[in-house]
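As written in TrEMBL, here are the features:
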| type | residues | note |
| --- | --- | --- |
| DOMAIN | 28-533 | domain 'Major facilitator superfamily associated' |
| TRANSMEM | 44-66 | transmembrane segment |
| TRANSMEM | 78-97 | transmembrane segment |
| TRANSMEM | 292-313 | transmembrane segment |
| TRANSMEM | 333-355 | transmembrane segment |
| TRANSMEM | 376-397 | transmembrane segment |
| TRANSMEM | 409-427 | transmembrane segment |
| TRANSMEM | 439-458 | transmembrane segment |
| TRANSMEM | 530-549 | transmembrane segment |
Amino acid sequence: MSANPQWDVSRALGVAKLFHLVCGVRDACVTPFLTLYLRQLGLAAPWVGILMGTKHLVAAFWAPFCAFLAKSRQKRRALLAGSLLGSAVASLLVVLVPPLDTELVYRSCNGSGSMTTTVVPLGVTLTVNVTAAQEPASNHLAGAPSLPARRSLGVLQASGFRNGPGESDQETSSDLHGYLVGSVEGVRTTSQGLLHPVTSGVKGNPWEVTFEVVNTTLPLLPGGTALASLANSSVAKGKAQVLGLSLEGLRWTFILCLGSMVFWELLTAPLKQVADDSLYEYLDFVDATDRYGSLWIWRLLGMSAGACGIAALVGRLDCFLMTSTPRGVVHFYGYSLVSILALLVSIAFPVPICRQREHSDKSVKALSLIGSNPRLVVLAFTVFLLGAVTSTVQNFLFWHMNDHGSSELIMAFSVALSLLGEILLHPFKTTLLRKLSRVGTVGLGLGCLAGQLLYYSFLWSWWSVLPVQVLSAVSYGALWWAVGASIEALATPGTERPLSAMFQGHFYGSGSSLGSFVAGFVAMRFSLAVLYQACCMALLLWLALFLSIQPRLPQERKINYSKLLAMEASDSSDSEQGTERDWLVKAMREEHADWKG
């Protein structure tokens, strides 16, 4: 008997594993490093938060809509191919967005210069140390020509928030020495005020310059027109013109980034859900859904390899890039190339053709089930808060590591450690859920995530983030396993996958969107350390409330009779007449014994 290739399960699973692996590499090329690239463009933390929040919001609601249309129109394969090809092209549109300061060199290939900058409160003197390995001090004495103030704005806006003690940004010193030393015209505009040179050209250290912060309350947001009075009206006029040009550039950079990222997300968001639904229905048709649960491991392996590989490639190609081009463009080129490879694999991806028509109101049933079940309501809020808190890590942890001197390769290692830890913990999933229960596992995951956030707020070196990343196996992996097990236990027949999609898409995505919007402004107003400490406190408060309200919730049934009856109806044709109800009777007796006990 010749096997129908449409239902060749082994071949379908092999193609699906390869597809998940390639898509993992594809996502890891850009996703972890996207906010770092936006920082290189010169955007501050609030603008990056708005961009990422919009991205999460589009994905949360656009992906389910496209998945429904593709299924109802029988266009899943076309959508897979169109999403991969379109996202490969759309990602290159982000590369076309010009940096806010095209003349700023983001890193020196020979490592000859470095500068340490600190934004301090008003009325406090600031000392800036500039070191040069090859140029003598006599080349940059007081009175050297200064750089325009516009060039300095790119440095501040690349940070977007106050740097703490010891945090630094690397720049090329050859163009900045004259700007920092002995020139009133080279005064630097910041969100706190103007830095006026107080002393310069000290004999013992000619590269040490002291500035005094003078309050000007200059707006850093697009559209601002208010300009505080300055001591020198002529200087104020010149600074206002420069500031207006800078705000105009910031406005256009932000608008172009927003448009290109929304277009890119519209094309790439439906891919994962459409592929997962297609594969699950394919395996469900041949009664092989038990082999669906382990495919996510291949995606995590691909993400681990992709993050490390692209980071190593960026390090190799750094010195070959043009000085006016952010080094992060390599991530987008790699993303496009791997997308084309995934497009070739998608040609053989299993997509079911002959499928019975199903009711389209399962999402409505899932939503009504959440509203009628207090345990699902509490779980939904937990997932929403998890998305809000996790987005702060995904968006700004690499900024925090970059401020402490971490390279992109170290950042990639931190991603790989968290993903590999989740894979290694997976064999103990059943034991963990049985020993701790679902509620206990959720509590353990929230506690570990709170500990990670507190640890992030006290980073002290470029490598210090690596040890704590192993906790991600519990704070993300085990936590989501418990959420999935709770959804499976509380769902009614036919609503398991709609419920799971709603939790992972709508609730988690909406939380990520809101967290991104808020985190950017908190990071700029205070600091990343304060942001992570606040998130830690929010998680601990919710953890205490979550555990305290569990005994007050309605008792959960140990046996879902509606599921058992549905299973009985589907298996009745294969059961013998005298034994087909034995499992139901046994289950009822066990539950009755528990009630008596």
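Every residue gets a Cβ built from N, Cα and C, even glycine.
For the transmembrane segment (333-355), the neighbouring stretch richest in Cβ pairs under 8 Å, chosen from 78-97, 376-397, 409-427, 439-458, 530-549, is 78-97. For the transmembrane segment (439-458), the neighbouring stretch richest in Cβ pairs under 8 Å, chosen from 78-97, 292-313, 376-397, 409-427, 530-549, is 530-549.
Pairs of Cβ atoms less than 8 Å apart link the transmembrane segment (409-427) most often to 292-313, out of 78-97, 292-313, 530-549.
Model confidence over the domain 'Major facilitator superfamily associated' (28-533) is summarised by a mean pLDDT of 76.
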